[in-house]
Amino acid sequence: MQALYAQLLVGLINGSFYALLSLGLAVIFGMLNIVNFAHGALYMMGAFCAYFLLNIAGIGYWPALVIAPIAVGIFGMLLERTLLKWLAGLDHLYGMLLTFGIALIVQGVFQNYFGSSGLPYAIPDELKGGMNLGFMFLPVYRGWVVVFSLVVCLATWFLIERTRLGAYLRAATENPTLVRAFGINVPRMITLTYGLGVGLAALAGVLSAPINQVRPLMGADLIIVVFAVVVIGGMGSIMGSIITGFALGVIEGLTKYFYPEASNTVVFVLMVLVLLVKPTGLTGRAA
Amino acid sequence: MPDLAMAAAATRPASDAGASILSVRNLEAWYGESHILHGMNFDVNAGEVVTLLGRNGAGKTTTLKSIMGIIGKRTGSVRFNNQEINPAFSDRIARMGVAFCPEERGIFSSLDVRENLLLPPIVRPGGLSLDQIFDLFPNLKERLASQGTKLSGGEQQMLAIARILRTGARFLMLDEPTEGLAPVIIQQIGHTIAQLKKEGFTILLVEQNFRFASTVADRYYIVEHGKVIDGFANSELRANMDKLHTYLGV
């Protein structure tokens, strides 16, 4: 029983990262119509940013949680302004190739300087240790990651679905030309949206640093699964990507307990099944 | 061919409502490779309702979109309140007080009616309050929580007009507001336009429905092959009926 709970927790943690990353992908795809293959590299940059802050500037985990998403978000906005904006109106393929190329370059640069092995990042003192819940032992940091990710995901959902700014964003996703003709600076909104999606990826990177170590390829490994999650959930649905992210993490965890041999493939099997039955994804709108 | 600017001046009603608020000169526009507008010339004066008439594909919608800054490739001069707005991006043009209601209405399906109504930002003071808007369009008040595209065609058209009345823009461009609507709704839209005119709005209307246009317009311009080929005031309508039938082929 202990092992089952442990795997469930691992599943929830992976699900947190899936949710944060696929949420950002969904927001970016909705607004920019770009499948952002650089997402994993930006997630990695978030983790490295926290690592640099600690080891160069002596700035710890809590400020890094704010600084890293902003810094990497700004980097993302520069990418959008200088490279991605030229892709407007072109076939998706160009966006995939460009962002995939960016990912390879970024990961290559980090690999050049830091190799492929992991760099340690310590759990902050406040979140060390664990709690005995009676039925299982819960490391505090892991509980924190799950709860905090959930809060961030729901806050993002609220921002997009329930606020005036979100209404601009949803409207511009549908008809950017008309929204601009109402007097809204849509190009600036697109840049900020990309920054938001990238910031969420970087935040996931910081959260993951104490658990998974900081590695140049940490994002490359994760992003494949995240794309499967996005395909299953349906591109462009906010709540859909949050729920699918957490759900698939848990399903993966359960598979590790009941049939470990399939744990690495279960997400992709599900993806194939969903694509066969409902090609737009579980919550996706028909194009 | 007569000098069109002069023709426009000559057809201005004697009781000139006001100074020229919009002045279009030699406006040309392209969709990709296809050349749609071939030198549009016309004026709209403050407080007027001016209607562009013409057959399908004559360039009426493109004219509105070019004024709004939505068509990427365009040349010539568009002066709004004596300021050149060609070329400028559409968000800037909107912020100068030009409001556009597109032919396809552009109601957002991912927004409810209230969000649709509140979407266009206020660009200057003096727009209608929500209460005034609900006086004009009582239907909307009861449907505020509905999904925008769940409204009937008539209600969507009302919503599309209503949302640009809030912004404070005093110059409205309405592209075929009666298209596909029931006669009773068309009548209501006509009342609304008359009411807006009374309150001092200036309106540039594109219409296929000539009968409807004749109930609201002060002046007409006939558009053919991307040019204004004729223009006359509503008072001269009877005298021009034959010509009009030829132009519109009705």
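Positions of Cβ are set from backbone N, Cα and C atoms, glycine also.
Among residues of the same chain six or more beyond the transmembrane segment (A:6-29), those with a C-beta under 8 A of the stretch's C-beta atoms are 35-36, 39-40, 43, 136, 138, 142, 145-146, 149-150, 152-153, 156, 160, 193-194, 196-201, 203-204, 207-208, 211, 222-223, 225-227, 229-230, 233, 235-238, 240-242, 244-254, 256-257. The transmembrane segment feature in TrEMBL is assigned to A:6-29 (among others).
The feature transmembrane segment is assigned by TrEMBL to A:36-54 (among others).
Feature annotation from TrEMBL assigns transmembrane segment to A:60-79 (among others).
Marked as transmembrane segment by TrEMBL: A:91-110 (among others).
Annotated transmembrane segment per TrEMBL: A:141-160 (among others), in sequence order.
Residues annotated as transmembrane segment in TrEMBL: A:190-211 (among others).
The transmembrane segment annotation in TrEMBL covers A:223-251 (among others).
Same-chain residues lying 6+ beyond the ends of the transmembrane segment (A:258-277) with a Cβ under 8 Å from its Cβ atoms: 225, 228-229, 231-232, 248, 251-252. Among the features that TrEMBL reports, transmembrane segment is placed at A:258-277 (among others).
The stretches the transmembrane segment (A:36-54) and the transmembrane segment (A:141-160) are not in mutual contact, being linked by fewer than three Cβ pairs under 8 Å (pairs 6 or more apart in sequence). Between the transmembrane segment (A:60-79) and the stretches A:91-110, A:141-160, A:190-211, A:223-251, the greatest number of Cβ pairs separated by less than 8 Å involves A:190-211.
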